[in-house]
There are 2 protein chains.
Amino acid sequence: MSDAPDSAPQRPDLRVAILGCGTVGTQVVRLLTEQADDLGQRVGRRLRLTGILVRDVDAPRDPAVPTGLLTTDADALLADADLVVELLGGTTTARDLVLAALTAGASVVTANKALLATSGPELYAAADAAGVDLLFEAAVAGAVPVVRGVRESLAGDRVQRILGIVNGTTNFILDEMTTGGLDFDVALKQAQELGYAEADPTADVEGHDAAAKAAILASLAFHTRVALADVACEGITAVSAADIVAARETGGVIKLLAIAERIVTTDAAGEPAESVSVRVNPAILPFAHPLAGVGGAYNAVVVEAEAAGRLMFYGAGAGGAPTASAVLGDVVAAARHRTHGGRAPAESAHAALPLASDADVVARLQIRLLVDDRPGVLAHVSTTVADHGVSIESVRQQVGHAGTATLAVVTHEADEASLSRTVEALRHTDGVKQLLAAYRVERP
Amino acid sequence: MSDAPDSAPQRPDLRVAILGCGTVGTQVVRLLTEQADDLGQRVGRRLRLTGILVRDVDAPRDPAVPTGLLTTDADALLADADLVVELLGGTTTARDLVLAALTAGASVVTANKALLATSGPELYAAADAAGVDLLFEAAVAGAVPVVRGVRESLAGDRVQRILGIVNGTTNFILDEMTTGGLDFDVALKQAQELGYAEADPTADVEGHDAAAKAAILASLAFHTRVALADVACEGITAVSAADIVAARETGGVIKLLAIAERIVTTDAAGEPAESVSVRVNPAILPFAHPLAGVGGAYNAVVVEAEAAGRLMFYGAGAGGAPTASAVLGDVVAAARHRTHGGRAPAESAHAALPLASDADVVARLQIRLLVDDRPGVLAHVSTTVADHGVSIESVRQQVGHAGTATLAVVTHEADEASLSRTVEALRHTDGVKQLLAAYRVERP
């Protein structure tokens, strides 16, 4: 079991196949080549790159990529690999090749969150059956080592809640809106011009990318199966410059959060019952919250655990080199397991918690209303809120123009079902002209 | 290799012995008991607590501790253990028992930074010889999973620099000084009254505790042996309320930092030569630095790696439950290795980098001087600085009383040797009455 390189002089090289050679693939190839000696020492034997699967071997490439290793023959590549690094993206070919690799007994490292969110259970089962690793640190928040943190560092603790900024594009857009007073459309266009947002930004701005990561984190943290479809998802397209100003006036910033929490309630028999709530939504974070200062394309994830308290993991959420660093960390772990034995903790869903209902999840809301500027309106609003069993923490009124005013109501904690009914009822309350926005407000 | 609990129905329990039953030990016992089922599923077999070594079995205990397991017989306890958790503290008995446990083939988890800083190499060698784990996440920054982050997540990357707030007591004291405008002595007394500082605060306020952690982190990050004596160490006893005000005026806060960096220079033959610099000192952090906002008893460590860029790990740096969480994470890892095979990466010092000389380490300084308020003094000061090959980034002058002024000079980056000579020369420069302070200034 010793690591000393001289203890196993005859160990054959570990054969590594890479699927895909885009930005991340190129950096993985570069690091595997440049750090070959160091990696060999950390693993206990040399890693030998056997091939790189591409669509077109003649396409122009970074000089770091050895063109002699490029191939279009996936079958031959997989037949000759101990460890497969999947960097193709997509969920069809990637799923078939990863499944084939695992079934053939190869360990797999992937950065593909969409693949895990759609085919995770099938792939975890294949890895379990073969007794090999399926590792995916790079699939959630780039270089930020939150997957290992949740899966290994907190293995002796109980995670209660995860709160993360896991999409750099939306964080960049919200940042631009906050610092430049821009509206969403303008900030999106700017992000596209700077290459921070794609031509079709849907997956980012509608929150789908963050939702896939939330599903992965929730599955890990609560040892349960959370599918993409289980994640309640709201993006940032409806966030306005005025919303951001209003958040600032109440001492906070708007961030798109991926949230996964363990909900403990009491069932009919008085026994504690557990469930999970997983969602993505824009929320107001007070300035003092550790996530409030996470700017630009950075990602950060706060994990609240019973014994550890609040931990935060922070770093580059995307980019070729940072993502490649996370991939390589997993490559070393999987290669060590194939060399010295052992295996990363499996994605066993032994808890199998149900999804929480709206009546069990509590939140605070900031509700902003455009109202008639006349006596009695605040009383109507207060009564509507109280009638739904929700109590008010604070109200701010600002006089507008043409006989209108804005009311910003912040509630105390209440269950989501009651809060939804409150918001609906406020739309039809006497004196309310328009519901401007409703945001969850996190505690510092 | 499968994790499925039914794949090894006959596996005997894994026998766990705990040495020490103070604040952390009590919490470890509690978690081991309360989470027994979950831990068993994560490990693949049950963990059975076989005994808890204490000095006096009759001393009063937390009700979470099963008194029947208390023992004063270390030999009998070690003879019957697969995994030993060392929470005694100290470096004598702890060293003997850990060495005995490793030699007997048990895996060891420890939270004892002093032990690692003084006897690390001997203990790592014993663990290597026996092919067992010696894990110590809890020895650095409590619950903050930076040891696993550096050792495993960044195993495929190259760490360039580590910058950490790793001592909660000094961070609390500096925080109190910053928010309350207190002097060191007053803030220390307050911290002692609140239980944040010990009656003899030397190890904390002189930086020795942070230095032990810096040595551990540097050894891990650079795969080299850094002893406690190699760490240049300066504490916070000389930090004054005026220093903190001056830092704020230049846009920053004073924090006690543990710093480990890889220095790359060019040797006489034009080849790159590497060395490491490890130190603990108070420094000025600009408000925008991710560590600047780390308050109270929290710890945080920034790791800068070649590919990953800047990562930060943040959390509770001390306390029974957070430290126990980190211990349990290591217990699960070591227990999995004993169950499924494998081993954590060994502390192999394959790089064996030398310590950097002052001439190779660069820094920026803020130097504050009390000077005569008369024409020509700034010219004398500027000339002295320039004569030592150091250039000035900014100067702020504030008129004082009785014909004096304060000058706050911030230098550009320069090597430490030149900076030290500059500071010495300024003491004797015409018109300088007193050197008030000199602090390193970090970049945001």
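Note: Cβ is positioned from N, Cα and C throughout, glycine not excepted.
Cβ neighbours within 10 Å of A:Lys213 (active site, proton donor), excluding its own Cβ and spanning all shown chains: 27. A:Lys213 (active site, proton donor) falls within a helix when secondary structure is assigned with DSSP. Positions annotated as active site, proton donor by TrEMBL: A:Lys213.
Summarising the annotation, TrEMBL assigns NADP(+) binding site to A:Leu19, A:Gly20, A:Cys21, A:Gly22, A:Thr23, A:Val24, A:Gly25, A:Thr26. A:Thr23 (NADP(+) binding site) has a Cβ environment of 16 other Cβ atoms inside 10 Å. DSSP gives A:Thr23 (NADP(+) binding site) a helix state.
Annotation comment: TrEMBL describes A:Lys113 as NADPH binding site. The number of other Cβ atoms within 10 Å of the Cβ belonging to A:Lys113 (NADPH binding site), over all protein chains shown, comes to 25.
Its own atom aside, the Cβ of A:Glu198 (L-homoserine binding site) has 13 Cβ atoms within 10 angstroms in the protein chains shown. The L-homoserine binding site annotation in TrEMBL covers A:Glu198.
Residues or ranges marked as domain 'ACT' by TrEMBL: A:366-440.
Looking at the domain 'ACT' (A:366-440) alone, the prediction's average pLDDT is 95. Cβ environment of A:Leu19 (NADP(+) binding site): A:Ile52, A:Leu53, A:Ala74, A:Leu77, A:Val84, A:Val85, A:Glu86, A:Leu87, A:Leu88, A:Ala94, A:Leu97 lie under 8 Å away, each six or more residues apart in the same chain.
Broken down with DSSP, the domain 'ACT' (A:366-440) shows 23 helix, 34 strand, 18 coil. A straight line from the CA of A:Cys21 (NADP(+) binding site) to the CA of A:Lys113 (NADPH binding site) spans 17 Å.
The CA atom of A:Glu198 (L-homoserine binding site) is located 17 Å away from the CA atom of A:Lys113 (NADPH binding site). The CA atom of A:Val24 (NADP(+) binding site) is located 14 Å away from the CA atom of A:Lys113 (NADPH binding site). Highlighted in sequence order, A:Ile18, A:Gln27, A:Val28, A:Val29, A:Leu87 have their Cβ within 8 Å of the centre of the Cβ atoms of A:Leu19, A:Gly20, A:Cys21, A:Gly22, A:Thr23, A:Val24, A:Gly25, A:Thr26, the residues recorded for NADP(+), and are not part of that set. Least crowded of the binding-site residues (A:Cys21, A:Gly22), judged by neighbouring Cβ atoms within 10 Å of its own Cβ: A:Gly22.
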